[in-house]
Protein chains: 2
Amino acid sequence: MTEPLKIALAGLGTVGTGVVRLIETNAALIARRARRPIQITAVSARDRSKDRGVDLSRYAWADDPAELAARDDVDVVVEMVGGSDGPALALARTAIAGGKSLVTANKAMIAHHGLELADAAEKTGVALKFEAAVAGGIPVINGMIDGAAANAIDRVYGILNGTCNYILSSMEDTGADFADVLAEAQRLGYAEADPTFDVEGIDAAHKLSILGAIAFGAKLDFAGVETVGISQVKAADIEQAHALGYVVRLLGMSELERDPAGDRLFQRVRPYLVPVDHPLANVDGPTNAVVAEGNFMGRLLFQGAGAGDGPTASAVVADIIDIARGEKGPAFSMPVAELQPFGKASSGHRVSRSYIRFIVPDRPGVLADITAAMRDAGVSIESVIQRGDPDQDGEVILAIVTHEGPEACVTEAMRILDGSDSLTAAPLVMQIIGE
Amino acid sequence: MTEPLKIALAGLGTVGTGVVRLIETNAALIARRARRPIQITAVSARDRSKDRGVDLSRYAWADDPAELAARDDVDVVVEMVGGSDGPALALARTAIAGGKSLVTANKAMIAHHGLELADAAEKTGVALKFEAAVAGGIPVINGMIDGAAANAIDRVYGILNGTCNYILSSMEDTGADFADVLAEAQRLGYAEADPTFDVEGIDAAHKLSILGAIAFGAKLDFAGVETVGISQVKAADIEQAHALGYVVRLLGMSELERDPAGDRLFQRVRPYLVPVDHPLANVDGPTNAVVAEGNFMGRLLFQGAGAGDGPTASAVVADIIDIARGEKGPAFSMPVAELQPFGKASSGHRVSRSYIRFIVPDRPGVLADITAAMRDAGVSIESVIQRGDPDQDGEVILAIVTHEGPEACVTEAMRILDGSDSLTAAPLVMQIIGE
């Protein structure tokens, strides 16, 4: 057996502790699979005295994570501090500059600084790996870099945020409204005290931008993701969707739009209507799933646990095993200099069927106003569902499904209706994905 | 850019031709991802004059595939001749012995001779890769070796044969019987003229034995797979299953049974009842899907095209790209000498709920005979469905679902009933998998 691979862990929250547990529990198996033992030499966290349920006395302790990067007995630094900047980024930069490989689960840091870090890693000849940053325990980055490597990828999309999927599928099961289910999710630990990053789609956008860079060989462009969260989705929307044969899912969708004048990258996170017989419609609770479509492999689906200490630790240690095996390829599948700066594709010209939900006063003429706006904007209506009875505020839910058409027309119809007294709240638009 | 990786293709059927098309179509992309070009230098097939829709004039031609292994301008031989022995095996042995890496889609050859070939590849320091041998275009071998590497795997199971899945899901959709759907599948090219390997579960057993060896670090044991095909499944079974909330799927199931006296490997291919809300229940047509359960990652699902020239070529070329990148790890994730020769676990002690379908004469006393046998064998009955009307032969379908219990008791009940004049045909037993 060759020399052990020596690693240092920065951050000992649930994921960091999970990594310690995994490496200890599966040590013998990992050594056989990695062809050398993996040995933790040093750890760092804020509070040394906290009981984490694992014995840390064998490992050197550093109060300052930056010390880990300076140690001679460390080959790989595992960053689990979190946050897109601050100490996590400082540690990542120092470790890579000092010739240590870096493994991280930090999607925010990679979405914002991944290209800089990958470039630095290429210069110092170390590995930068972040399997756990996208879809938790699902080895989807490995799947794209290795398994799907022979394909030009046309489209990659999926359920990238377990909190939102838990909330939407719970709303589906219980008929409860967003706020109630969110409160329950917070109580159960599926949602953070400040849920903004999750429910507004920012976390999914981080992951989508990373996935797109790898899938398309694109310069990572987090700012180019159009992002809408799920906080506007009502129980009534889920009910209408169900009646129409759909479920509501927050999807991240990334597609390379081919164009002789220059390919463009379309990236969007938002709630979609998904047909009940689509594989993503059956993904419930905090599960994640990613679909990749390639020009030879066809459609590939990866599904599994999107979060949690065990699954995330599984992905972190898979990266460490890769490094132990000497697999140090470029972080985004090709060198940063070869990643292409595709222009941003906007959604306007995209052809979709859309679901549009209005909340309207219960009086004559409302439907005429709305349908006139749709007509003037060139939106063709496929079906209309209006529930019979107004609620206690005298308001009625009106749902319209459009025929396929440019999304810009729907946007224009919404602009025409903006401020109209036929609407008592901002309408919600959700695109419908095909089979 | 470094030196090209030079490959030779033996066998130019649909998959071989697909590999040529893929390497030509995606050449630039592959060179960027593999960090060097992949170049076909020589090809071999039976008939040089046949029009395959691709231009082969640039490549050296060999009438005898064995010549490919002797060429100086070949780094990797891609075997797509087929057959577990004969020319395919001869080529594989010669290529590896001569210091060429070998890539193959040949599950039969790997199931029978994989350990010998892997051992030979270790000795000459070349790669042996066979991603396309299991689940076609789904990178499940890569997923197990890389993505799930940190986990002790408890169980791996899935839909491994697209022909059977096409037949079963068509029977489900149309209500037609096995023979009719098989004939239709043959007409459409989803089933071979001689469908035995597929419909009797042998093809799935080849794949399962390969998957189990990798997942559990087990000595590959194709002979240890208990195999039952789908030819006994009737339209009536699918209908009864549906009424009970299940679909019928041919599953390969491999599980490491932990035991202080020595772990044992359970391997079985047979039709199962799958709950309609299980991810595998939604896998229709020729699609394949594999579930792996690990001690940290939880349940992981891979789903995609299980056959076809494009998906299979995608998997073959993914292996070639790995070799171009210098990734030459052991074929079964660890060296052959470290694979463990687990004893064979039989099904008798396994605790399952079972579906048992009887075809019985329409006369008094039949149900009493059957239920007495079940009682005497210690089988506890959960539900009984008897369809009202006998068919034109005066026969009735009787379906029983048992409570959880040892499968040996069900086998014993079948033994008691063997030859009974209360049965007009051999009964069919299908286990029910849990959520």
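Including glycine, each Cβ sits where the backbone N, Cα and C put it.
According to TrEMBL, the feature NADP(+) binding site maps to B:Ala10, B:Gly11, B:Leu12, B:Gly13, B:Thr14, B:Val15, B:Gly16, B:Thr17. Listed in sequence order, B:Gly16, B:Val43, B:Ser44, B:Ala45, B:Pro65, B:Leu68, B:Val77, B:Val78, B:Glu79, B:Met80, B:Val81, B:Leu91 are the same-chain residues at least 6 apart in sequence whose CB falls under 8 Å from the CB of B:Ala10 (NADP(+) binding site).
The NADPH binding site feature in TrEMBL is assigned to B:Lys107. Spatially close to B:Lys107 (NADPH binding site) yet at least six residues away along the chain are B:Phe130, B:Ala133, B:Val134, B:Asp203, B:His206, B:Lys207, B:Ile210, judged by Cβ distances under 8 angstroms. Reduced to three states, the DSSP call for B:Lys107 (NADPH binding site) is helix.
Within 10 Å of the C-beta atom of B:Glu192 (L-homoserine binding site) sit 14 other C-beta atoms, taking all shown protein chains into account. DSSP classifies B:Glu192 (L-homoserine binding site) as coil under the three-state reduction. For B:Glu192, the entry in TrEMBL reads L-homoserine binding site.
If you draw a 10 Å sphere around the CB of B:Lys207 (active site, proton donor), it holds 28 other CB atoms from the protein chains shown. Under the DSSP three-state reduction, B:Lys207 (active site, proton donor) is assigned to helix. Marked as active site, proton donor by TrEMBL: B:Lys207.
Mean model confidence of the domain 'ACT' (B:355-431) amounts to 92 (pLDDT, 0 to 100 scale). Sequence annotations record features per position, and here TrEMBL assigns domain 'ACT' to B:355-431.
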Self-check item: NADP(+) site shell beyond B:Ala10, B:Gly11, B:Leu12, B:Gly13, B:Thr14, B:Val15, B:Gly16, B:Thr17, criterion: Cβ within 8 Å of Cβ centroid
Solution: B:Leu9, B:Gly18, B:Val19, B:Ala45, B:Met80
Quiz item: Which one of the binding-site residues (B:Thr14, B:Thr17) has its C-beta surrounded by the most other C-beta atoms within 10 angstroms?
Solution: B:Thr17
Quiz item: Once the DSSP letters are reduced so that anything not helix or strand counts as coil, what is B:Gly16 (NADP(+) binding site)?
Solution: helix
Practice problem: Could you tell me how many residues in the domain 'ACT' (B:355-431) are helical, how many are strand and how many are coil under DSSP? | Solution: 22 helix, 27 strand, 28 coil
Exercise. Compare the C-alpha of B:Glu192 (L-homoserine binding site) with the C-alpha of each of the binding-site residues B:Gly11, B:Leu12, B:Thr14, B:Thr17, and give the closest one.
Key: B:Thr14
Quiz item: If you count Cβ atoms within 10 Å of the Cβ of B:Leu12 (NADP(+) binding site), leaving out that atom itself, what do you get?
Solution: 23
